Amino acid sequence: MSIREQLPATRRWVVKIGSALLTNNGQGLDVAAIAGWVEQLSHLQKQGIELVLVSSGAVAAGMTRLGWTERPDAIHELQAAAAVGQTGLVQAYEQEFQKYGINTAQVLLDHDDLSNRQRYLNARSTLRALTGLGVIPIVNENDTVVTDEIRFGDNDTLGALVANLVEAEVLVILTDQDGMYTADPRSNPDASLIGEAEASDTSLDARAGDGGKLGRGGMITKVRAARLAARSGAHTVIVGGRIDNVVTRLQQGEALGTLLTADQQPQAARKRWLAGHLQVKGRLVLDDGAVRVLTLQGKSLLPVGVRAVEGDFHRGDMVSCVDAQGVEVARGLVNYSVQESRRIIGRPSEDIESRLGYVDELELIHRDNLVVL
Ligand SMILES: Nc1ncnc2c1ncn2[C@@H]1O[C@H](COP(=O)(O)OP(=O)(O)O)[C@@H](O)[C@H]1O
Ligand SMILES: N[C@@H](CCC(=O)OP(=O)(O)O)C(=O)O
């Protein structure tokens, strides 16, 4: 079965909508277009698909509100425009999603949030909790504190990082062209649409140019984003946001836009990433029961199954899980610091709150963040 045909069975999507598309020829937000995408996204969510929306457009919306016709060059002015426009952007989505009885949430992130382990876990828990509640998170770059995105006009990378974060199976990048062409169609009218390629195919780079006036990252940032998304096993579709019912049709398996495929399954990709990328900061000594459920049943590690902790670690650090003989059986990202862990080990998860005064998670290491060796 082709990957296109597998799309209807996928359950977690990140959809990124670019500035070039969202703004009506630079005349502020295209509210009618937003209404169209929201209708499709609502339909997807009603089908049981967990959705995270990554939307640009804050700068463009802010420029209209401030009465600016020219995009300023000064970064602080762009940041000010983004701050003004972000409220309008979220308001526009909220108003439309409310028509379908769907709540939305504003989530502003930056790249540091996602490379810092502790913030990564926090962001992940929040997004997971929101999607679990049926809320659609609307993510944008936190333009007040970072400037890379507005400087380079690239929210594509953020879309990919969010796909990594929530382990999405599909990243859809909606843009103003029907997909990726063999050359920039603005300057090459004979260019043809690329239907499918592997995200890792380096020959794509020479074909991807930079962007237009409003969203300036262009196609090259989308190709790089697809590679990043592929690291956690997500396939990327770069496709025209103005194609009639584009999102719904993609979900039905129709071959629209450009599919850039990942070469590994999400689960395997994540485990490889976990196994290879992080330094081990401490050790948890497990009892025999915990070793059994981890290694044979693929379950999460609960505090009750841990007899001792060693090392100096914080929430989000990688720790090694060893059996009573000191043999390493697994590794994972721990939800509690060494001090917190010492206070909750050997106890049922219901006791976490009385011991610490709060509960981050019921597990010491969630199974999604655990690699059995
Ligand atoms: N090979 C290509 N295929 C399609 N579009 C391309 C290509 N190379 C460059 N582009 C340009 O990338 C633009 C889309 O990127 P961008 O302007 O950053 O939009 P967005 O705001 O949606 O991220 C297109 O309008 C197009 O001119
Ligand atoms: N975060 C900013 C700029 C990001 C941006 O333009 O990105 P893109 O849509 O990928 O070209 C905004 O919301 O306006």
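One is the number of the first residue shown, and numbering goes on along the chain from there.
Just so you know, glycine gets a Cβ as well, placed from its N, Cα and C.
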Looking at TrEMBL, which one out of Lys16, Lys46 binds ATP in the same site as Thr175, Asp176? Lys16
Need the matching range: TrEMBL marks region 'Disordered' on one of 184-208, 334-358, and I'd like to know which. 184-208
For the domain 'PUA' (282-365), how many residues does DSSP put in helix, in strand and in coil? 28 helix, 24 strand, 32 coil
Neighbours of Ser56 (substrate binding site) among binding-site residues Lys16, Thr175, Asp176 (C-alpha cutoff 10 angstroms), in sequence order, are Lys16
Cα-Cα distance linking Asp143 (substrate binding site) and Lys16 (ATP binding site), given in Å to the nearest integer: 17
If I take the alpha carbons of Asp176 (ATP binding site) and Asn155 (substrate binding site), what is the distance between them in whole Å? 14
